[in-house]
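Undergrad: My questions all concern the structure below.
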Amino acid sequence: MEVTCLLLLALIPFHCRGQGVYAPAQAQIVHAGQACVVKEDNISERVYTIREGDTLVLQCLVTGHPRPQVRWTKTAGSASDKFQETSVFNETLRIERIARTQGGRYYCKAENGVGVPAIKSIRVDVQYLDEPVLTVHQTVSDVRGNFYQEKTVFLRCTVNSNPPARFIWKRGSDTLSHSQDNGVDIYEPLYTQGETKVLKLKNLRPQDYASYTCQVSVRNVCGIPDKAITFRLTNTTAPPALKLSVNETLVVNPGENVTVQCLLTGGDPLPQLQWSHGPGPLPLGALAQGGTLSIPSVQARDSGYYNCTATNNVGNPAKKTVNLLVRSMKNATFQITPDVIKESENIQLGQDLKLSCHVDAVPQEKVTYQWFKNGKPARMSKRLLVTRNDPELPAVTSSLELIDLHFSDYGTYLCMASFPGAPVSDLSVEVNISSETVPPTISVPKGRAVVTVREGSPAELQCEVRGKPRPPVLWSRVDKEAALLPSGLALEETQDGKLRLERVSRDMSGSYRCQTARYNGFNVRPREAQVQLNVQFPPEVEPESQDVRQALGRPVLLRCALLRGNPQRIASAVWRFKGQLLPPPPVVPAAAEAPDHAELRLDAVTRDSSGSYECSVSNDVGSAACLFQVSAKAYSPEFYFDTPNPTRSHKLSKNYSYVLQWTQREPDAVDPVLSYRLSVRQLNQHNAMVKAIPVRRVEKGQLLEYILADLRVPHSYEIRLTPYTTFGAGDMASRIIHYTEPINSPNLSDNTCHFEDEKICGYTQDLTDNFDWTRQNALTQNPKRSPNTGPPTDISGTPEGYYMFIETSRPRELGDRARLVSPLYNASAKFYCVSFFYHMYGKHIGSLNLLVRSRNKGALDTHAWSLSGNKGNVWQQAHVPINPSGPFQIIFEGVRGSGYLGDIAIDDVTLKKGECPRKQMDPNKVVVMPGSGAPRRSSQQLWGPLAIFLLALQR
């Protein structure tokens, strides 16, 4: 059989067209998935409407040669599921469970390097309707002239939706309107978030105490149902009110168990209570139960604001806040400030001197400070003053001022901070004042001004601080604005003046500033220095990989260029061919002065010199390689995807042919293409048909064509096409071809729909009928289907052939109708003939009707043909003449009979211009189903002449 297929393939002529078929990309967006509707709006843009949570499917249909590449993007983001991360490179854009934030304008960009790219767009409108929120507000005002109070209630209903929602207010089951009830007013307030409608109950009356429902609707767009919320208004309705069991500021010691109660003092309906913490969530281990918040063994990190909120949708939520302060102290620091008035930076006898002490504490204002000199409490005098809250220093800072410094004032001073009566450890800091106490200086050690390291290694930047006392060193970046250190901080403190970096990267290169801190030392102008970090990294080259094609005997120049690296120079370059070291190429003098590339020249491409070349470039830090694949083999063919109606079917033989077209990519780059090797393999099969196709000289843009015959309906095939030159086989190209049937068109001379394609020739199911027609074949039909009804196969008798049928089992009932509607035809002739095969077998067969739907003025259906009852287990053919007066459609209507044994099928529908055949075929002799006992034509009568013809060819 394989030989036969090859011979049949060889009988089909090969065509070579000399026209250039390279064409720029063109694009069109079509929709699929779960779109509610696609429409054109007032400014002629396409709008795709979809329900939130459904699946968005957009397809970009492209034409052009070579086959265009498609990229999807979106306004204010990209087009993938997480559309702020990346674009989508695919002809089909699919987003599962689309969210409202993913609405917007989507762009399909198709480009193939010929002309300008094609760009089409469509606006996606995501429809949704949230649950409405109903809140109640009331006011009481004095009307002095009549000595009574007027009580007004506002019911506010808010919802988020797209499209805008319609509001309906109801009292009980009665719809409210201010035109029917003077006591109510319905309006839309200004400056509200979301869509809002307010129901105003004026001068509250007894009948106004009732249940109120706010119903919101988007008019069932995309099948979104209405939503509603109900509130019962009574004479006790009131907003929530709260009180706390503790003070609003609660100071506790670490380790204590804290319990705070939030008590309801009012509210109807009963309010809901909720605790929250700022910043961050509630502490680990905290328990919020109703209005009680418990925090076991509280720690300093648990300090913060705790909020108790009560809501019942009446008035504004009630809120009480507790500021929880857990006593703690940390970070004791000191400062030495020389005489400010005399602008001195040194300690000098006879001048003033100020020592300052600060700790970070909670609560800060409860900290007390005590000063000691040489281990004894410092005594206050006219020359020794202790002050608190110096305006030039952080809040709650203690300062010891020495007026007119004497030699006797030298000594060791200690500042102690404490929380009186609290179980919190004291903190202290010590300062030595003497003639040796001098302000700091900072410098970079010799040989450390520039630190050079390799990428990925650790680095240490160092600055030396001299002085007494020695303050911490603060590090920052210099050469980049607002740049952060590798630690992620803008400033980093080190006690020893060393900044340690782990695994440095090239972006860490640059200048770093070290400066003295103004605490734990002199409070003077900071001293600073700079260190340069130089990070060396291996070279980066181009091309990383390159495919070099050249005809046999022609020279080739290979060039490997240094893009970046540190050092930015080539220290050495080594060439290899198929892994073997090559002798160094001659050095060009100009290249030796500025070695930023390496070159290798091949005098002639031969079969022996074809292969893989590698250039390894080093800059003494690392190396990188350029890879070149040198050959004289031809580039791959470029399949042509825009062939009009490439599929031609032959239903009775269950075969089809396919017009395969292609061009040759860059045919002049190598030796001329002599032939192509064609391989055809049915999907899910192992054996392939192989054919050699000789060609003459192929030019760029020239369209080549070959007709594949004897392909089996409805199978798909993998096609592989390989060009051959004097060098040998070139690059192979592959594609999958599918069997497709053309959309019915009266302009075709033989327009038959076999239903082998899932698109069923453009036919659609009528939305107004009771059930649908089903497409199936013998392989897909239900094995438990009802016996003694319906066809076992299609008209061809093969198990793969498809047909359309109606299933009349449950839940179908007597008289249920299924309608299959053709595409719309523009009448260009006076008479048409509709031919089709039908199968009506079963004792409960109903009716099969053919209708013509005229589209002149609206839609008008007229009966053209009808048949009822059991016609036997045979396919029979009908020819129905029609004479439409304008655009029309044909409709096949199956009507269910009295029982489940009433399946009706149709196949091979043909629409032709002109009159029908005068002599109708005998339906009982058209096609007899297997097993019916009727005579069948011997297959030998078909294969005899063909066998003789093939034998002659072999001889």
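Placed from the backbone N, Cα and C atoms, the Cβ positions cover glycine too.
The compositional bias 'Polar residues' annotation in TrEMBL covers 779-788. The feature domain 'Ig-like' is assigned by TrEMBL to 24-123, 132-230, 240-323, 338-432, 440-532, 539-631. Residues annotated as domain 'Fibronectin type-III' in TrEMBL: 643-743. Annotation source TrEMBL lists domain 'MAM' at 751-918. For 779-798, the entry in TrEMBL reads region 'Disordered'. The annotation signal peptide is assigned in TrEMBL to 1-18.
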Undergrad: Check the domain 'MAM' (751-918) for me and report the mean pLDDT.
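TA: The average pLDDT of the model in the domain 'MAM' (751-918) works out to 89.
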Undergrad: Find the member of 132-230, 240-323, 440-532, 643-743 that has more C-beta pairs under 8 Å to the domain 'Ig-like' (539-631) than any other listed stretch.
TA: 643-743
Undergrad: Quick check on the domain 'Ig-like' (440-532): DSSP residue counts for helix, strand, coil, in that order please.
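TA: The counts are 3 helix, 44 strand, 46 coil.
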Undergrad: From the DSSP assignment alone, can you count helix, strand and coil residues within the domain 'Fibronectin type-III' (643-743)?
TA: 6 helix, 55 strand, 40 coil
